[in-house]
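Peer 1: I'd like to ask some things about the structure below.
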Amino acid sequence: MLNKELDKNREYFKTFLATQKLRLTSQRQIIFDEFMKYDSHIDIDKLYAITKDIDPNIGLATIYRTIKLLIEAGIVREVRFGDGKSYYEAIMGKTHHDHLICVVCGKNIEFNDPDLEEQQEQIAAKYKFKLTNHYMNLFGVCEKCRSLGKG
């Protein structure tokens, strides 16, 4: 993520925190910055390991609370890939995408299909339903695993 975009998102988060009568503490800033620098889906344990190297005083509870605030601010979303864990990804300033997930090796392919998005809107309209958000995970076996006879 570019520094300019990172600064803009950090300022947005700071403003959101103020509306909650909270402030951007040094620990929240470290968590925010490291999360936003990570260019993939990340779980709490990985984020904890990264931030703990920078500030050993950051606790796991602080990571969880900060991620919850980032979700509430609309900067981050939680995603699940069928392995029982929660992962998080930045969504602010990013194009919407969905996921193809290999059930054998865990490979995750992000894709965007405008026709599919339009069809989802049409389905919602048919049922007089106003979509506010969604995420879609399609599970299967990737080409590599199939070629190795694993699925």
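Glycine is no exception: its Cβ is also placed from the backbone N, Cα and C atoms.
TrEMBL does not curate its annotations; it predicts them automatically.
Computed from a predicted structure; not experimentally measured.
Grabbed the feature section from TrEMBL, which reads as follows:
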{"type": "BINDING", "residues": "HIS96, ASP98, GLU117, HIS134", "note": "Fe cation binding site"}
{"type": "BINDING", "residues": "CYS102, CYS105, CYS142, CYS145", "note": "Zn(2+) binding site"}
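Are these features on the surface or tucked inside, and what touches them?
Peer 2: For HIS134 (Fe cation binding site), other Cβ atoms within 10 Å of its Cβ number 10.
Less than 8 angstroms from the CB of CYS102 (Zn(2+) binding site) sit ASN108, GLY140, VAL141, CYS142, CYS145, GLY151, each of them six or more residues away in the same chain.
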Peer 1: For the recorded Zn(2+) site, whose residues are CYS102, CYS105, CYS142, CYS145, find every other residue on that chain with a C-beta no more than 8 angstroms from the centre of their C-beta atoms, and list them by sequence position.
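Peer 2: These residues sit around the Zn(2+) site: VAL103, VAL104, GLY106, LYS107, VAL141, GLU143, LYS144, ARG146, LYS150, GLY151.
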Peer 1: Which chain neighbours of the Fe cation site, leaving out HIS96, ASP98, GLU117, HIS134, have a Cβ atom within 8 Å of the mean position of the site's Cβ atoms?
Peer 2: HIS97, ASN112, LEU116, GLN120, TYR135, MET136
Peer 1: Using a Cβ-Cβ cut-off under 8 angstroms and a sequence gap of six or more, which residues of the chain neighbour CYS105 (Zn(2+) binding site)?
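Peer 2: Set apart from CYS105 (Zn(2+) binding site) by at least 6 residues yet with Cβ under 8 Å, we have CYS142, LYS144, CYS145, LYS150.
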